[in-house]
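Undergrad: Take a look at what Swiss-Prot says about it:
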ACT_SITE  Arg220  active site
BINDING   Asp134, Asp163, Asp167  Ca(2+) binding site
CARBOHYD  Asn93  N-linked glycosylation site
SIGNAL    1-20  signal peptide
Amino acid sequence: MANFKLFLALAACLSGQALAAPTKTIGKRAAITDVAHGYASQNGGTTGGAGGTTTTVSSYAQFTEAVSSDDAKIVIVDGTITETADQVKVGSNTSIIGKDANAILEGFGLLVKEKENVIIRNLGVKKVLADNGDAIGVQYSNNVWIDHCDVSSDRDHDKDYYDGLIDLTHAADYVTVSNTFVHDHWKAMLFGHSDSNGDEDTGHLRITVNNNYLNNLNSRGPSFRFGTGHLYNNYYLDVSDGINTRQGAQLLVEGNVWSGGKKPLYSTDDGYAVARDNDFGDGENTAPEGTLTSVPYEYDLLAASAVKDAVVGTAGQTLTF
């Protein structure tokens with residue numbers, strides 16, 4: 001049911017001008033009541049804390065308390081919160097919204113585990129040590145929307161100093177990752193954590209990944225096991241290993257662009273992909289042909305030639321409310 005609109009005029013409007021660095025951003029007006037698209041729009045949809053109480057937080061203690069319950073709630077993060085700590089557990093029916101580009105969690109990440117209906121938007125998460133988990137982790141949970149976030153660490157340390165940036169594992173389902181700046185990291189995004197977890201993951205891990213900017217990554221853009229993925233209109237700059245489809249995963253890969261990197265789309269162990277209108281740069285698609293040719297939701301698809309200008313400077317913490 002894809003609505004294949006190659007709306008170049010809209011892309012030009014969003015980009016304004018060709019941007020060479022994410023420091024030049026294009027603000028986009030958003031509403032706290034926005035709801036998810038992609039796979040997160042399925043299974044009843046993802047509305048987060050819509051209709052619940054609104055709380056603004058600026059400290060670690062305030063934040064951990066505000067996000068913990070399963071009651072409907074909107075938590076607005078004001079400023080940078082720094083704490084070297086384990087992932088904070090997020091309750092169901094939660095919207096976590098960064099007030100502006102200064103809303104950053106540094107040293108600790110988020111864990112959505114055995115929950116549902118969570119939105120994380122306009123939030124920075126950075127430099128979470130491996131001992132403290134991933135920047136954003138989703139496990140045994142469904143209907144999660146990660147949008148306009150900025151997740152990063154650095155590559156000054158070895159690959160095991162930090163863990164993942166966005167890891168969706170243990171049968172996570174109906175998740176959308178969109179408009180997010182994923183950068184400066186070794187192992188970026190892991191969807192399905194183990195070759196031996198097929199009994200749990202098969203039939204789940206339905207994930208949309210769209211309009212993200214991935215820059216200076218070594219691998220996992222993403223690494224995708226067992227599930228069903230729709231990856232479209234993402235821009236990859238200097239990503240060594242891009243999309244790795246594995247263990248029977250079926251991916252629909254459309255309108256993505258790579259600059260730098262030799263392995264844009266590949267499979268290390270029996271994953272599959274249908275690829276349409278991608279610009280693989282200096283690399284090539286070596287993934288076996290898959291069977292996923294459509295998805296159960298409508299979406300707007302940019303031509304590959306319009307993706308860079310539409311994504312760079314728009315992905316990341318660029319929303320205003």
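In case you wondered, yes, glycine gets a Cβ from its N, Cα and C as well.
A description of the local structural setting of each listed feature is requested, covering burial, neighbours and distances.
TA: Neighbour list (Arg220 (active site), Cβ cut-off 8 Å, at least 6 residues apart, same chain): Gly164, Lys187, Ala188, Met189, Leu190, Asp241, Asn244.
Same-chain residues at least 6 positions away in sequence with a Cβ under 8 Å from that of Asp167 (Ca(2+) binding site) are, in sequence order, Asp134, Ile136, Gly137, Val138, Met189, Leu190, Phe191, His193.
Counting every protein chain shown, the number of other Cβ atoms lying within 10 Å of the Cβ of Asn93 (N-linked glycosylation site) is 22.
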Undergrad: Can you tell me the CA-to-CA distance separating Asp163 (Ca(2+) binding site) and Asn93 (N-linked glycosylation site), as a whole number of Å?
TA: 26
Undergrad: Counting other Cβ atoms within 10 Å, pick out the least crowded of the binding-site residues Asp134, Asp163.
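TA: Ranked by other Cβ atoms within 10 Å, the binding-site residues Asp134, Asp163 bottom out at Asp163.
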Undergrad: For Ca(2+), what surrounds Asp134, Asp163, Asp167 with a Cβ no more than 8 Å from their Cβ centroid?
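TA: Going along the sequence, the neighbours come out as Gly109, Val128, Gly133, Ala135, Ile136, Gly137, Gly164, Leu165, Ile166, Leu190.
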Undergrad: Secondary structure at Asp163 (Ca(2+) binding site) (DSSP, helix/strand/coil)?
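TA: Looking at the DSSP assignment, Asp163 (Ca(2+) binding site) belongs to neither helix nor strand, so coil.
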